Amino acid sequence: MRQLHQLPLVGLLLFFLTPSQLFKTCEVNEDDRFRLNPLLSTMSYSICTSEVQAANVLLSLRLVGIKRQNLEQKLMQEVNDTAVRKASNISSGQLAWTMMALGACHNPNETFIIDLQLVRLLEEKFQEEIENMRAHNGNPLTNYYQLSQALLALCLFSGNYSVTEIAELFTPENKNYYFGNQFSVDTGAMAVLALTCVNGSIINRQPEDEKISMSINNHTELLIKKILSEKKENGLIGNIYSTGEAMQALFVSSNHYNESEWNCQQTLDTVLKEISQGAFNIPTAAAQILPALMGKTYLNVNKDSPCVYTSDFNASIPVPGSVTPTNSPSSITVHYSVQINETYSTNVTVPNGSVFLNVMEAAKKQNITIFGFTMEETSWGPYITSVQCLKANNNDRTYWEILSGGHSLSQGVGSYVVHNGEYLMIRWSKY
């Protein structure tokens, strides 16, 4: 099942890694790669859903070396269009994804390159995040996941940032690693990847650099301990959707934990089982788990490296088609509530197979004053921005939490499939 090998950081960082910093990865072996087909099928839907998912999918396909000419061309065109026409209007994290997707590797026939204009724009967005933290009690414009994404892309594409400031910002005790009282595994994992890149790129190694490098190294070690503390008995780390990036963080930080602390084989087995049960049913989720399953990390992004496509992975990516009908009941009824200071409830009937968002839309038709809402499209699907005109606010650390049976859901409103008789709620919350 598993192939275990050493994977050095690509590009210039290779020369600054000690033997203890060589990466240890594990991956699904060639005989089992057919089990990844559902991920590829899901990722194919990125060309007919939302443009913000295209960069995630393109990056994933290029990292693992899967080439499907028509799909890659359409994704490249969409991501390129975002970079050329919309870069100023997207968030720091989305710009980082866009740059990483376009610069993951290089094909001779590609005309687009990561130019200084995009790098400088990301530098500006990164500084705006930091300035917002200074002005609003340590809260970035977006969140620490996107802040880490931006830092990683700046590091990979030789952007400017202060390593001293990075050492101060990314302390493991920072509140932005937590969602409520829960450590956010994917946020911590993205920070580990960014910090690993930054630490490897500190070239001068003067006494001051050594001190900063040691501080960043300590941050990384503590973040890895926090990530491992979220490991479940079945091998998942955090939840099914954070496991892929947690695996990447563990790949690049094998010198910070003992081999006995993480059974990668168990994690692979559990993820493959979840894939067979349809867990990764939106393109972004599929795209973010695939690189780790193929032994890759976002640190493999290298705009100067030629794209290499595997010859041993012949899985096909089917064209999106219709779903075969089943004999399940045609409609279901659920109990839906909105909770702010008071709780407002209703019963809603929706078609079988509906997602949380369908329930919200049906309730809105019943009473727009009580159940009205707004949303925006993200790489993970629709995100609820307001209910009853009450808006989520990063500076106040407020958001709309979705729950089933009183338990917070890890899936979004556009992907969580509801069930007959279920008790659903959207609740005004702080993190």
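Just so you know, glycine gets a Cβ as well, placed from its N, Cα and C.
The disulfide bond recorded by TrEMBL for C155 reaches one of C105, C197; that cysteine is C197. Annotation in TrEMBL places C105 in a disulphide bond whose other cysteine, of C264, C307, is C307. Cross-referencing C48, C264 with TrEMBL gives C264 as the cysteine bonded to C26, criterion being a recorded disulfide. With respect to Y383 (cyanocob(III)alamin binding site), the closest of these disulfide-bonded residues in Cα terms is C155, chosen from C26, C105, C155, C307.
Using CA atoms as reference points, the recorded positions C105, N239, C307 were checked against C155 (disulfide bond), and the closest is C105. Put plainly, the binding-site residues Y144, Y383 were compared by Cβ crowding within 10 Å, and the winner is Y144. When the Cα positions of T142, N143, Y144, Y145, Q146, D186, N239, Q288, Y383, I384, L409, Y431 are compared pair by pair, the longest gap among these cyanocob(III)alamin-binding residues is 24 Å. Note on the domain 'Transcobalamin-like C-terminal' (353-429): mean pLDDT across this stretch is 92.
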